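Undergrad: Encoded as structure tokens, here's the structure I'll be asking about.
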Ligand code: G16
């Protein structure tokens with residue numbers, strides 16, 4: 001096959017010219033920003049995915065058009081490598097350079113990527129594309145597809161799907177069906193079969209009730225949950241809210257519930273302690289919440305899911321008589337209460353890595369069973385080939401190992417999958433006979449708070465030690481340390497977001513009041529030392545801040 005790179009430039013000039021001179025950066029999960037500036041980035045990512053497939057011998061690469069938890073005007077792109085992982089780290093800079101090059105230099109730049117990486121441009125290339133339900137996603141998906149076509153690659157469009165579904169299709173196709181069928185029906189079938197086999201006819205057990213509210217964030221997750229329910233045999237009673245009638249993620253969804261520590265909009269009146277679930281716009285994150293009989297909001301976040309799952313899996317391994325290594329991976333956002341519980345009560349090795357599932361996934365691969373969750377509800381569990389072989393062999397004689405095999409099928413190992421994670425939590429709670437009170441009683445969270453600070457250039461903040469220590473601006477970390485030392489059980493860190501144009505501040509301390517005060521003190525330090533935009537933050541006890 002002969003390829004004329006002039007076509008790459010011609011397409012760009014005619015249909016996807018670069019319309020912004022502001023540099024874009026591959027962030028925590030790909031490129032993200034205002035949709036009107038992303039057409040050229042999308043087109044170029046179609047080109048990049050085609051080259052990436054060629055260098056990987058024609059294996060399928062995924063391109064997901066979504067801005068996930070961001071507000072409606074934003075969009076973004078996530079690239080999926082052949083094993084369902086996020087794009088290999090060494091290609092992130094290739095992606096950034098390609099996204100920023102001028103149109104007139106595009107042809108020469110693509111030629112350079114090809115020669116630098118010794119890519120056989122005549123070989124076959126396969127790219128799967130999917131999108132969320134934002135109104136600009138179809139336009140941006142077409143740009144990705146045109147990028148593939150410009151380099152004569154094969155493109156398969158899946159339309160509106162969740163991000164984890166696209167990860168699933170990529171792995172299913174690359175393993176020739178061993179992981180499942182690379183279709184929407186194949187995905188539902190695999191997860192529902194595992195869930196219903198595990199549940200059997202025991203729909204309730206002990207304190208566990210078969211009923212929950214599902215906040216779909218007006219995103220893809222709502223649509224797909226409804227599809228799940230159509231295909232399930234009443235094995236789970238779910239009421240779906242925020243189905244798509246409002247704006248995606250606006251006052252709803254996992255990010256809102258976690259960061260604001262409040263129920264989503266549209267909540268029906270439910271009995272105290274009813275289990276409620278929130279997913280984000282592309283359904284790769286999930287958190288649980290409920291309201292107690294005093295009307296207080298209570299959160300069960302990614303840390304809670306991780307500890308519930310780790311505890312369950314450890315117990316299953318004992319019952320299966322298997323000696324496999326298990327580790328839990330968190331980020332700096334993990335609540336100190338959860339880390340203490342994992343290390344001291346569960347006695348599972350726990351690691352801390354920078355934000356972004358790409359980092360957690362990578363670390364989790366070091367264990368036979370790697371459980372990774374960010375506090376925001378993004379995570380999954382991965383089993384090594386060795387672990388799978390041993391569990392399979394054991395299942396010949398041990399009924400618990402048979403259950404564990406179904407659990408593996410229920411988990412979308414490729415990346416965090418809100419619906420798969422939720423079905424897993426439901427399975428575990430049912431098997432333990434637990435309600436949300438039982439689950440919450442396992443350990444106490446320290447009060448915590450996150451703030452977003454607008455600064456002129458968030459890149460002035462650089463960090464080290466899994467983002468727990470701020471390196472620049474010089475003096476900021478010392479100032480934070482000084483402030484933190486005044487608070488009992490105080491901990492705080494700052495880092496630039498990789499998905500929004502803000503600096504994030506995290507604080508936790510012994511009491512809610514102290515946590516708020518610590519967060520605002522640190523927020524003001526960022527504002528003063530890192531070029532804050534607008535007036536300083538004012539503690540909400542005094543007046544409402546414009547920065548949250
Ligand atoms: C993405 C990443 C997550 C990360 C989140 C926030 O989530 O996949 O791993 O925790 O961004 O990142 P940051 O704090 O850098 O903005 P999503 O669900 O938005 O794709």
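Glycine is no exception: its Cβ is also placed from the backbone N, Cα and C atoms.
Annotations in TrEMBL come from automatic prediction, not curation.
Heads up, here are the entries from TrEMBL:
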ACT_SITE  68  active site, phosphoserine intermediate
BINDING   68, 280, 282, 284  Mg(2+) binding site
BINDING   374, 375, 376, 495, 496, 497, 498, 499, 504  substrate binding site
DOMAIN    58-94  domain 'Alpha-D-phosphohexomutase alpha/beta/alpha'
DOMAIN    122-175  domain 'Alpha-D-phosphohexomutase alpha/beta/alpha'
DOMAIN    183-287  domain 'Phosphoacetylglucosamine mutase AMG1'
DOMAIN    301-434  domain 'Phosphoacetylglucosamine mutase AMG1'
DOMAIN    483-522  domain 'Alpha-D-phosphohexomutase C-terminal'
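Any idea what these are sitting next to in the structure?
TA: In this structure, residue 68 (active site, phosphoserine intermediate) belongs to neither helix nor strand by DSSP; it is coil. Neighbours of residue 68 (active site, phosphoserine intermediate), defined as other CB atoms within 10 A of its CB across all chains, total 30.
A coil conformation is recorded for residue 282 (Mg(2+) binding site) in the three-state DSSP classification, outside any helix or strand.
Residue 376 (substrate binding site) falls outside any helix or strand according to DSSP and counts as coil. Around residue 376 (substrate binding site), the same-chain residues six or more apart in sequence whose CB sits under 8 Å from its CB are 254, 255, 258, 285, 287, 301, 302, 333, listed in sequence order.
Counting residues of the domain 'Alpha-D-phosphohexomutase alpha/beta/alpha' (58-94) by DSSP class, helix then strand then coil, yields 6 helix, 14 strand, 17 coil.
Summarising model confidence by region, the domain 'Alpha-D-phosphohexomutase alpha/beta/alpha' (122-175) averages a pLDDT of 98.
For the domain 'Phosphoacetylglucosamine mutase AMG1' (183-287), residue counts in helix, strand and coil come to 36 helix, 18 strand, 51 coil, using DSSP.
Packing against the domain 'Alpha-D-phosphohexomutase C-terminal' (483-522) from elsewhere in the chain are residues 27-29, 32-33, 67-70, 76, 332-333, 335-336, 355-356, 446-455, 458-459, 461, 463, 467-470, 476, 530, 537-541, 545: each is 6 or more residues past its ends and has a CB under 8 Å from a CB in it.
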Undergrad: Including all protein chains displayed, how many Cβ atoms other than that of residue 282 (Mg(2+) binding site) lie within 10 Å of its Cβ?
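TA: Looking across every protein chain shown, the total is 34.
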Undergrad: State which of the following binding-site residues has the fewest other Cβ atoms within 10 Å around its Cβ: 374, 498, 504.
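TA: Comparing Cβ neighbour counts within 10 Å for the binding-site residues 374, 498, 504 gives 498.
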Undergrad: If we skip the immediate neighbours and take only residues 6+ beyond the ends of the domain 'Alpha-D-phosphohexomutase alpha/beta/alpha' (58-94), which ones have a Cβ under 8 Å from one of its Cβ atoms?
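TA: Counting only partners 6 or more residues beyond its ends, the domain 'Alpha-D-phosphohexomutase alpha/beta/alpha' (58-94) has Cβ contacts under 8 Å with 26, 29-35, 38, 41-42, 45-46, 48-50, 52, 113, 117, 123-132, 134, 136-137, 140-141, 144, 163, 166-171, 173-174, 220, 247-250, 253-255, 280-282, 284-285, 356-358, 361-362, 413-415, 499-500.
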Undergrad: Near residue 280 (Mg(2+) binding site), which residues of its chain come within a Cβ-Cβ distance under 8 Å, counting only those 6 or more away in sequence?
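TA: Spatial neighbours, sequence-distant, of residue 280 (Mg(2+) binding site): 68, 69, 217, 219, 221, 249, 253, 254, 255, 377, 418.
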Undergrad: Between residue 498 (substrate binding site) and residue 284 (Mg(2+) binding site), what is the CA-CA distance rounded to a whole number of Å?
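TA: Residue 498 (substrate binding site) to residue 284 (Mg(2+) binding site), Cα-Cα distance: 17 Å.
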Undergrad: To the nearest Å, how far is the Cα of residue 284 (Mg(2+) binding site) from the Cα of residue 374 (substrate binding site)?
TA: 11
